[in-house]
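A.B. asks: Annotations for this protein, taken from TrEMBL, read as follows:
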TRANSMEM  B:12-35  transmembrane segment
DOMAIN    B:18-90  domain 'Glycine transporter'
TRANSMEM  B:42-63  transmembrane segment
TRANSMEM  B:69-90  transmembrane segment
DOMAIN    B:102-174  domain 'Glycine transporter'
TRANSMEM  B:102-121  transmembrane segment
TRANSMEM  B:183-200  transmembrane segment
Amino acid sequence: MLSSNPDFVPRIGTVLEVLSILGIFVFAASGALAAARLRQTIVTFAFFALVTGVGGGTVRDLLIGSPVFWVHDAAPAITCMVAALLVWITPRSFWSDHALDWLDAVGLAAFAVFGAAKALNFGVPPFVAGMMGVVTGCVGGIMRDLLAGEPSILLRPELYVTAAAVSSGSFVLLRWWGIDVPVASVIAALLGFVLRALAIRRGLGLPVYRGIRPE
Amino acid sequence: MLSSNPDFVPRIGTVLEVLSILGIFVFAASGALAAARLRQTIVTFAFFALVTGVGGGTVRDLLIGSPVFWVHDAAPAITCMVAALLVWITPRSFWSDHALDWLDAVGLAAFAVFGAAKALNFGVPPFVAGMMGVVTGCVGGIMRDLLAGEPSILLRPELYVTAAAVSSGSFVLLRWWGIDVPVASVIAALLGFVLRALAIRRGLGLPVYRGIRPE
Amino acid sequence: MLSSNPDFVPRIGTVLEVLSILGIFVFAASGALAAARLRQTIVTFAFFALVTGVGGGTVRDLLIGSPVFWVHDAAPAITCMVAALLVWITPRSFWSDHALDWLDAVGLAAFAVFGAAKALNFGVPPFVAGMMGVVTGCVGGIMRDLLAGEPSILLRPELYVTAAAVSSGSFVLLRWWGIDVPVASVIAALLGFVLRALAIRRGLGLPVYRGIRPE
């Protein structure tokens with residue numbers, strides 16, 4: 001029903017492309033940082049950076065049937081290598097203990113918006129496009145945590161998937177209301193980021209399920 | 001050689017579609033239940049339900065080169081959301097400690113049959129179509145356990161992959177013998193489910209490898 | 001720029017096909033061996049063998065947009081089944097404690113070369129084709145370790161991803177220098193294997209990151 005609005009489907013514009021490169025860079029850096037915590041080598045830094053940086057977008061592209069964005073264009077892969085090198089050569093003091101969380105928060109918001117936009121662009125129904133943003137935003141971080149053998153960021157007490165859902169869902173809604181792509185992108189990304197920031201700083205969370213005692 | 005039978009390739013019919021929706025629903029519920037055990041929020045319930053509910057079919061579709069079934073049709077995703085909500089709002093007593101195992105068993109049998117049928121439909125050789133059913137049936141549960149950080153259901157002592165192989169393999173064989181799709185589907189799904197039920201209730205298992213001592 | 005050489009793009013030839021089947025066989029055996037360490041059944045052996053044996057090539061094919069190689073041709077899947085059966089029936093003494101490492105090393109080198117070659121064949125830019133070899137070579141082992149719940153081979157102190165990068169990168173370079181596919185394949189695979197062998201035997205590693213103390 002939402003697609004009755006003729007101007008609803010966004011074209012990928014400058015703001016979205018900046019969001020995408022930004023998301024790749026910060027997720028890649030968060031991947032390299034996870035490798036740093038594990039005292040790995042520069043090559044493993046690069047591998048973690050690549051998987052974390054392009055993992056979310058790769059799954060999105062496979063799901064919506066688009067050619068995988070980084071395979072025929074070397075720019076995203078090079079972005080990941082630069083992020084890995086930067087984490088490798090910068091002094092330790094440059095990266096606080098919570099740097100991973102903050103980079104992840106930026107990537108989450110940026111990818112959630114970009115994922116929803118690209119899915120809408122491919123004719124995916126709005127409800128599913130919103131989910132596509134969530135899956136896209138969360139998959140990079142999940143892969144990083146799986147590779148690193150760390151407890152998944154999904155399972156921390158503060159809200160995480162919810163922030164992606166807010167960015168992704170609000171982008172779809174703003175587009176439905178006829179808001180321009182650049183404005184909708186920035187508002188939606190900020191909403192998700194602020195929510196995740198509150199979660200990181202103040203432990204903000206949704207009510208958790210209390211019906212079943214953990215075993 | 002098997003494809004010489006002109007009537008061999010099944011058309012996806014009513015019984016198979018019911019099996020598919022049933023499989024999605026019960027796997028989604030098992031995903032939500034895993035989120036419940038981890039005391040997560042409603043949004044994480046929905047994420048776990050989505051990944052578990054459509055994960056197996058997604059991998060099958062990517063492997064056989066079909067468009068991913070839930071991306072251009074919102075019904076499966078909505079089914080997952082309904083399952084998540086149901087687990088969230090129903091009282092604890094509604095879900096026994098073993099509910100996860102039983103839901104998983106139904107989903108395993110249903111997906112194994114549906115996966116094999118869809119693969120045959122796409123012209124995949126019978127031997128590989130049987131494997132496709134196994135992979136499809138097992139991937140949802142594996143993803144759920146990986147996300148939840150739980151020991152994989154694959155590694156429990158009772159048989160699991162075997163039940164999927166029985167459903168999937170017997171469907172391919174029954175079709176080869178010329179049995180109609182609805183009858184073959186129901187028989188094959190029941191065979192796998194009964195085997196898995198025996199595994200859950202009586203610890204039924206195949207002989208395990210004894211040549212190498214665990215480290 | 002590298003593609004200006006008209007003879008640069010390799011055709012998949014005999015040597016590469018042998019490397020591919022060898023890689024599938026040894027990775028499948030390493031998967032079955034992981035199942036053996038977990039005292040699993042023959043069916044789980046087969047599942048682990050399949051996922052480990054074809055996992056890397058599957059991800060490569062999905063990324064470059066090729067039909068998944070083992071879905072319409074039963075030979076690779078049968079190779080995996082044979083490997084699983086062989087591990088199941090051979091006496092324990094046949095497989096030393098480090099057999100997994102050595103099989104994995106052969107598979108890593110073979111898949112890294114084959115992955116890079118197939119990617120070049122599909123018109124992927126050389127820089128990305130090199131990465132495709134790395135991802136392809138490493139994904140089978142990663143999936144095996146994730147399924148088995150073992151610490152990822154990625155995170156061991158000796159170099160691992162680096163060996164894949166050397167095989168994959170040197171193949172791309174050798175092809176760029178105009179070396180024939182069979183010669184380039186063998187040299188590149190040997191370089192990576194020797195490096196990984198030194199890592200296994202002597203603990204060879206690159207310098208690790210020391211800027212951040214592990215938590």
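For all residues, glycine too, the Cβ spot is worked out from N, Cα and C.
Curation does not apply to TrEMBL; its annotations are automatic.
Have a look at these and tell me how they're positioned relative to everything else.
C.D. replies: For the transmembrane segment (B:42-63), the residues of the chain that approach it from at least six positions outside its boundaries are 20, 23-25, 27-32, 34-36, 69-70, 76-77, 79-81, 83-85, 87-88, 111, 114-115, 118-119, 132, 135-141, 143-144, 147-148, judged by C-beta separation under 8 angstroms.
When Cβ-Cβ distances below 8 Å are used as the criterion, the transmembrane segment (B:69-90) is approached by residues 21, 24-26, 28-29, 31-33, 35-36, 42, 45-46, 48-50, 53-54, 57-58, 61 of the same chain, each at least six residues removed from its ends.
If one looks beyond the transmembrane segment (B:102-121) by at least 6 residues along the same chain, the residues whose Cβ comes under 8 Å of a Cβ in the stretch are 8-12, 16, 19-20, 22-24, 26-27, 29-30, 33, 56-57, 60-61, 64, 66, 128-130, 132-138, 140-141, 153, 160, 163-165, 167-169, 171-172, 175, 181, 185, 188-193, 196-197, 200.
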A.B. asks: Let me spell it out: take the transmembrane segment (B:183-200), skip the flanking residues so only those 6+ beyond its ends count, and list any with a Cβ under 8 Å from a Cβ in it.
C.D. replies: 10, 15-16, 19, 98, 101-102, 105-106, 108-110, 112-113, 116-117, 158-160, 162-164, 166-168, 170-171, 174-175
A.B. asks: Could you put numbers on the helix, strand and coil content of the domain 'Glycine transporter' (B:18-90), residue by residue per DSSP?
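C.D. replies: Helix, strand and coil residues of the domain 'Glycine transporter' (B:18-90) number 58 helix, 0 strand, 15 coil.
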